[in-house]
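In what follows, a structure is listed as structure tokens, so that the remarks can point back to it.
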């Protein structure tokens, strides 16, 4: 099978997988107890039944639930409508983000917030990849040395720390040293990002948290992979021929170890996305993770379905790109 045929087959496989994921998410979200309108009413003070009913109807109108279609229409029919809208690239309207008495389209909300998540995750991923590669190479080529033991202990400590705890720790250290918590406020992002110095200021701690959280995992696996390759016979032969140490490591060992490393990188991308949810919530970063948590707290079902559809889709695309990358790294691989 050619590479084009493999890509086409894998792309077709994405369709039933996404249908299964969306069906499971839609079912779990809609069978959960509670009234989304009552969640919004928790922010309003009413002392009389008339005030309560008027406030309930007002919130229901803004959320598009005045006709109680959430309860009168069977969930499977609503799922069919959701899939039909999804095929037309319509994610619906948010229940919690409203403007002029009407829900804001979810595609607009995601478009406004996605750039923050993309910048945060892309920068963290690049830094994690570069640092983990350097740490893994140094630790593997100097096995049992002082640097190897120090880096191994540091990686084990970092790997045992929950990401949200690491973010909180960095926040405390930053406040103690620089009197800066890194918690962003919405007014800091009113200006265009490129020309906004506050954007770069509040980007530091979330990026550092995600970078440290990601590199310890990749660095340990790169070290283990290189140690295994450095014990191979062809590496011993290359050394016996008098090749330069740098050439042995980077031209022979590291190059032949790229295949499993690419797998590691591909599998770590979903972890970065899930980790950004926690990091964004800790630092108030206005990305997709923040709006996902807000949607969960406010029972914003359309927003929850949109984010729970986008994240798995990005994971499947990342796995497809990882498999395609194998061909360019190792020409012996054929599909």
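Heads up, residue numbers simply count up from 1 along the chain you see.
In case you wondered, yes, glycine gets a Cβ from its N, Cα and C as well.
Transmembrane segment is the annotation TrEMBL gives to one range among 253-270, 271-288, 289-306, and that range is 253-270. Count of Cβ pairs under 8 Å against the transmembrane segment (150-178): among 12-31, 114-138, 198-222, 310-329, the largest is for 198-222.
Take the transmembrane segment (310-329) and the stretches 12-31, 114-138, 198-222: counting Cβ pairs under 8 Å, 12-31 has the most. Within its own chain, the transmembrane segment (12-31) is flanked in space by residues 75, 78-79, 82-83, 86, 301, 304-305, 308-309, 312-313, 316-317, 320, which lie at least six positions past its ends and keep a Cβ under 8 Å from the stretch.
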